[in-house]
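A quick write-up on the structure given underneath.
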Amino acid sequence: MDKFEISSKFKPSDDQEKAVTNIVDSIRSGNKFNVLLGVTGSGKTFTMANVIKRLNMPTLIMTHNKSLAAQLYSEFKGFFPKNHVEYFISYYDYYQPEAYIPRQDLFIEKDSSINEELERLRLSATANLLEFDDVVVVASVSANYGLGNPAEYKGMVLLLSLGMSLNQKELLLKLVDMGYKRNDAYFDRGDFRVNGDVVDIYPAYFNDEAIRLEFFGDELDAMYHFDVLENKRTKDVSKFILYATSQFIVGENRLKQAIKDIELELEDRLAFYEKENRLVEYQRLKQRVEFDLEMLSSTGSTKGVENYARYLTGQKAGETPYSLFDYFEVSGKDYLVIVDESHVSLPQFRGMYAGDRSRKEVLVEYGFRLPSALDNRPLKLDEFIAKKANYLFVSATPNQYEIDLSQGHVYEQILRPTGLLDPRIEVISSDNQVEVLFDRAKAVIARGERVLVTTLTKKMSEELTRYYQELGIKVKYMHSDIDAVERNELIRGLRKGEFDMLVGINLLREGLDLPEVSLVAVLDADKEGFLRSRTSLIQTMGRAARNVNGTVILFANKITNSMKEAIDTTEARRKYQGDYNKKYGITPRSASRNLEDSLKEEDLPNLYNKAKKLEKMPASERAKIVKELRKQMLEAAKNLEFEKAAALRDEIAKLREL
């Protein structure tokens with residue numbers, strides 16, 4: 001079995017080593033559920049990596065948003081450079097699910113934009129899970145959504161070996177069955193091309209290399225990887241396993257059976273509408289499904305094919321849909337599931353099923369979809385935790401749910417290798433809180449440090465930002481309408497010192513790593529609620545736990561139970577770390593995180609901004625520009641700069657239209 005190898009100049013600290021040993025021993029003893037309770041800045045990610053190394057199991061790491069998933073993917077790629085670290089999030093740049101609003105008689109068509117690089121990474125994850133053992137997949141909630149049958153996907157592979165007898169015509173037909181398309185003019189992922197006795201295949205999950213097959217009659221005479229852009233031979237291989245272009249590709253027999261089953265359900269549903277005298281729904285469903293059946297028969301797919309997933313995967317009504325978990329389980333080996341920031345992730349998993357079902361029930365009721373579409377759904381929480389996996393829930397503030405689930409197997413990690421103490425906490429009257437905060441913030445900013453302020457309302461945030469700007473503070477407001485790209489720009493600007501204070505309502509998300517922030521202010525801290533609960537307050541306080549001068553001010557006229565619990569927990573941890581530092585002579589130091597590595601600048605090339613010149617340019621010259629842009633697009637995607645890669649992709653598409 002392949003072994004996980006950690007690449008790091010650090011070794012686990014005493015506290016990390018203790019947590020790793022306890023977790024590994026617990027899992028090996030047969031305890032399915034375990035909790036790592038680790039404070040902010042204690043190195044939970046490094047602990048997770050060491051658990052993976054010692055257990056030596058394929059691992060799925062899940063978190064609740066794409067930003068954290070990207071951060072974790074980058075970190076684990078660094079920890080395991082010799083192993084297969086994969087990335088599995090939604091491949092949509094934009095996604096609007098189909099929906100129907102009965103009171104307005106308004107049907108909203110599904111609209112989406114697929115990010116080809118994210119799609120490639122998803123395919124790479126499933127392909128490598130079937131081929132290797134040393135696989136870590138970092139995923140968002142996408143891992144809970146339906147995928148094709150892994151057994152069907154595995155059955156669609158093409159096994160190639162040097163010297164084998166292989167008829168070229170049969171090879172090309174097999175490639176078409178696997179979803180590959182012939183394209184001799186423009187060679188892209190998911191394509192193949194033929195030039196005499198040479199067949200080039202661009203696997204859908206490869207980055208910038210393809211595979212070349214050279215035949216001598218019906219014998220596979222040579223096989224090697226080559227760089228697509230430069231057409232250079234890079235690596236000879238004697239064996240190669242080619243996977244299909246999608247997890248939803250099915251064999252001919254399965255497709256024929258699926259079409260028959262869909263036709264039977266359609267007949268049954270149409271009879272229901274006819275009996276109920278609902279002629280509009282009757283006609284609507286008949287027209288939509290018959291069109292889909294025609295497309296499935298002729299092309300093997302159709303728009304919204306996922307709504308027929310139950311039939312295409314051969315499952316029964318109500319069965320748990322196939323998901324990424326099944327690609328781990330198909331080998332029959334033990335695997336590990338790590339749920340990062342579990343106090344947020346698990347409640348989100350719980351809510352996914354209900355939201356998806358309520359939308360689809362309306363579509364089914366009004367004849368836009370067959371009832372079987374309800375089986376194309378995310379996993380329920382009880383299905384999620386019933387998988388044949390070992391679970392590790394990771395959080396600074398785990399909920400009672402995961403603590404109960406683990407039956408006491410909760411392992412703390414509350415010492416920071418940097419010696420940093422939890423922030424000092426001050427409770428100050430909320431009378432004149434705006435003026436008091438202004439004075440405190442000015443002192444912090446004068447030291448070259450940053451300030452985060454959390455308020456309860458959008459109006460308060462806007463007014464506070466405007467007021468402080470008038471008083472000369474460089475401050476910005478992070479509101480709920482900004483997208484992930486703008487959010488990262490704001491965080492980058494704060495870290496670089498372009499402004500000194502960031503104001504928001506729920507901006508202090510889990511995993512936000514800002515070593516420059518030394519003051520966190522919570523206005524109206526005594527207003528009990530979701531944003532002022534014990535968990536939220538501890539998470540908010542943690543944003544000041546990466547700076548040696550970290551301080552939290554709670555503006556309140558009374559101390560609520562949530563405040564008291566959060567303060568008591570933080571002060572106990574502060575004392576524990578302080579005693580440890582004193583015992584071992586550790587001097588606290590601020591955490592460090594390389595700004596350029598963590599937040600890369602967008603720098604789109606300016607090769608294509610003069611349309612008139614490009615139109616007059618010879619096709620061969622335009623092809624050179626496309627080649628250069630494609631190279632930059634692949635490089636951007638490799639560096640996880642997906643917005644930049646998407647912009648380059650769009651420009652390439654424009655150039656090809658000229």
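Cβ atoms are placed via backbone N, Cα and C, with glycine included.
Taking the Cβ of SER42 (ATP binding site) as centre and 10 Å as the limit, one finds 27 other Cβ atoms among all the protein chains shown. Annotated ATP binding site per Swiss-Prot: GLY38, VAL39, THR40, GLY41, SER42, GLY43, LYS44, THR45, in sequence order, evidence recorded as sequence analysis.
Summarising the annotation, Swiss-Prot assigns domain 'Helicase ATP-binding' to 25-182 and lists sequence analysis as the type of evidence. Predicted-model confidence for the domain 'Helicase ATP-binding' (25-182) is 90, expressed as mean pLDDT.
Marked as domain 'Helicase C-terminal' by Swiss-Prot: 433-596.
Under the heading domain 'UVR', Swiss-Prot lists 623-658.
Per Swiss-Prot, motif 'Beta-hairpin' is recorded for 91-114.
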Listed binding-site residues (THR40, THR45), ranked by Cβ neighbours within 10 Å, top entry: THR40
Cβ-Cβ neighbours of GLY43 (ATP binding site) (radius 10 Å): 23
Same-chain residues at least 6 apart in sequence whose Cβ lies under 8 Å from LYS44 (ATP binding site): LEU36, GLY38, ASP340, VAL394, GLN413
Those residues of the chain, 6+ apart, with a Cβ under 8 Å from that of VAL39 (ATP binding site): ALA396, GLN413, ILE414, ARG416, ASP422, GLY542, ALA545, ARG573
Non-site residues, in chain order, whose CB comes within 8 A of the mean position of the CB atoms of GLY38, VAL39, THR40, GLY41, SER42, GLY43, LYS44, THR45 at ATP: THR47, ALA396, GLN413, ARG416
Same chain, 6+ residues apart, C-beta under 8 Å of the C-beta of GLY41 (ATP binding site), given in sequence order: ARG416, THR418, LEU420, GLY542, ALA545, ARG546, ALA591
Surrounding CB atoms that lie within 10 Å of the CB of GLY38 (ATP binding site), all protein chains: 25
